[in-house]
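Quick look at what TrEMBL annotates:
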TRANSMEM  29-48  transmembrane segment
TRANSMEM  68-88  transmembrane segment
TRANSMEM  100-122  transmembrane segment
TRANSMEM  143-164  transmembrane segment
TRANSMEM  176-196  transmembrane segment
TRANSMEM  208-231  transmembrane segment
TRANSMEM  251-273  transmembrane segment
TRANSMEM  294-319  transmembrane segment
TRANSMEM  354-377  transmembrane segment
TRANSMEM  398-417  transmembrane segment
TRANSMEM  423-448  transmembrane segment
TRANSMEM  527-548  transmembrane segment
REGION    600-629  region 'Disordered'
Amino acid sequence: MSVGVSTATPLPPTSDTNVVTSTFSLVDYVVFALLLVLSLAIGLYHAYRGWGRHSIGQLLLADRKMGCLPVALSLLATFQSAVAILGVPSEIYRFGTQYWFLGCCYFLGLLIPAHVFIPIFYRLHITSAYEYLELRFNKAVRVCGTVTFIFQMVIYMGVVLYAPSLALNAVTGFDLWLSVLTLGIVCTIYTALGGLKAVIWTDVFQTLVMFLGQLAVIIVGSAKVGGLGHVWEVASQHGLISGIELDPDPFVRHTFWTLAFGGVFMMLSLYGVNQAQVQRYLSSRTEKAAVLSCYAVFPCQQVSLSMGCLIGLVMFTYYQEYPMSTQQSQAAPDQFVLYFVMDLLRGLPGLPGLFVACLFSGSLSTISSAFNSLATVTMEDLIRPWFPHFSEVRATMLSRIIAFGYGLLCLGMAYISSQMGPVLQAAISIFGMVGGPLLGLFCLGMFFPCANPPGAIVGLLAGLIMAFWIGIGSIVTNMGSGRPPSPPNGSSFSLSSNLTAVTMATLMPSTAASKPTGLQRLYSLSYLWYSAHNSTTVIVVGLAVSLLSGGMRGRTVDPRTIYPVLPKLLALLPVSCQKRLPCRACSQDVSSEATMFPEKTSNGMLRGSRDQEAMAVPEESPAQPGISPTFILQETSL
């Protein structure tokens, strides 16, 4: 069954107008330079404010004093990359507004982190999300999770830096390696010197630039084609306004269920357990501020998605009245938006520069978050556990050096990306492949008290194997066809074979018109179900191995690392029903979350140092203050 639109998207125009590569005016260069200068200035301001008195907590967690609004905007900016700014309008232009239903998944995708993941992470008073894995399992699981995350981000950040620069170079003639080096160097300097506080405040500035750039395109474009009402009318006439597709088939690329529920797992892997986001939650001054920041992301995400969709509809209407040239119609999908913006804003000095600044803001925010989170996990998970006696001054300096190192590595990965050719698609896909298994690992620990360290490690490996099997299999199958699969609505675009085409093919993969069979059927699983499928694999395999290896018998589970799912569900039942249940004793203790977590002081700190070794409750110890004996999980019965 076809998805999106029922009629073809615009056919290649008959006009054969030559395209002159757009050039920037002096005003455009000034606007673009202001983005870089102001981003650098914000970072340097926070770097030199209190220079010499910075602690490791100030550098990596902004001293845990950030408010909810800057944290919320930083959460939004972290994964609002330039690839998404280019990809969403192109998706709407080609396939219709079905993708807009992705907004339905944002509610659960942000509500669950706010009430499950954030309370557990925040009350443990950790710095790295992977510290949780050591508290719940052991150090080996922590290292496995950390290494997996580092692999994921190192591969991804070079592509995020290179791919938008390549698209910009193809359309505007903007020097490719000048833009790559400029972005990489500026981002490295303010991230390494200023730490998380500099990253968050530059994210706030860059988020505003992204909104302004997209808003300018919507206003100018809709005015030029006759208003948003006319845009909607033209899109409706051409079948671009999609209804709700209720096909439950997970192999169909985009349906309501795929977008609204498959997308929830994708959101959880990004906003629930990804270190870049967890680090922002932990930088909040209070747990309430962290939860409010997660709530505040919801309307921001909806606005961001709606603006991308509106740009796609305006672009479609514009090209109905001003047909594409041959060169434009044969461009890669992610170049459509840049061609459209340069056509639309030609003759309006400063606005093309504003959109390019918007595009590069997306890259800067994503890359700086990657640098900072990588420096944090490297320091906290791989260095400090083995060298616990580092002084604050030495640890702070080493953290800065590590961030600089990752900046140089990012530039190296950008160069490698330029040499990868078709393999680049696999590199981009790795980010999505790894997110699901890591989500499954954290869910296994939080929701299943019987899961043990062997089960966690084997489950993670099984999830990664499954992820790479399906992900790489899908890529190889598509490459074997010799051409990108045709979109389901039957439109035909002659796509360029350059790297940006590969980038877009991965972000918004298409499905073939004919239904595959056998293993190819498995390889055609919608990309939005990847996280759900892979995280479920980790949980199922992890539980099976845990059961076969004796569960948690003889071990003690720290009750702060468990989210009591069953008691929470039982607490929703009427009291009369709870009294009839044999396990009602459990639900009685869940009325106060203080029984699950140790008491906190007025400033949100846990009683006692997080570095104490005795965080698990020994079998012979009496009940500790603030922890109900009911929740001390020992020798879990299987």
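Going from the start of the chain as shown, residues are counted 1 onward.
Backbone N, Cα and C define each Cβ position, glycine as well.
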Can you tell me which of 100-122, 251-273, 398-417, 527-548 gets the most C-beta pairs within less than 8 Å of the transmembrane segment (143-164)?
-> 398-417
Sequence-distant residues near the transmembrane segment (251-273) by C-beta distance (under 8 Å, 6 or more away from its ends) are 1, 3-4, 75, 79, 95, 98-99, 101-102, 104-106, 108-110, 112-113, 116-117, 129, 244-245, 294, 297, 432, 435-436, 438-439, 442, 488, 509-511, 521, 524-532, 535
Any chance the transmembrane segment (68-88) and the transmembrane segment (354-377) have 3 or more Cβ pairs under 8 A, given the pairs are 6 or more apart in sequence?
-> yes
Would the transmembrane segment (354-377) and the transmembrane segment (176-196) count as touching if the test is at least 3 Cβ pairs under 8 Å, pairs 6 or more apart?
-> yes
Spatial neighbours of the transmembrane segment (100-122) far in sequence, C-beta under 8 Å, 6+ residues away = 92, 129, 132, 242, 244, 254, 256, 259-264, 266-268, 271-273, 277-278, 281-282, 284, 287, 290-291, 294-295, 297-298, 301-302, 305-306, 309, 442, 446, 560-561, 563, 593, 597, 604
For the transmembrane segment (398-417), name the stretch out of 176-196, 208-231, 294-319, 527-548 with the most CB-CB pairs under 8 Å.
-> 176-196
For the transmembrane segment (176-196), name the stretch out of 29-48, 208-231, 294-319, 527-548 with the most CB-CB pairs under 8 Å.
-> 29-48
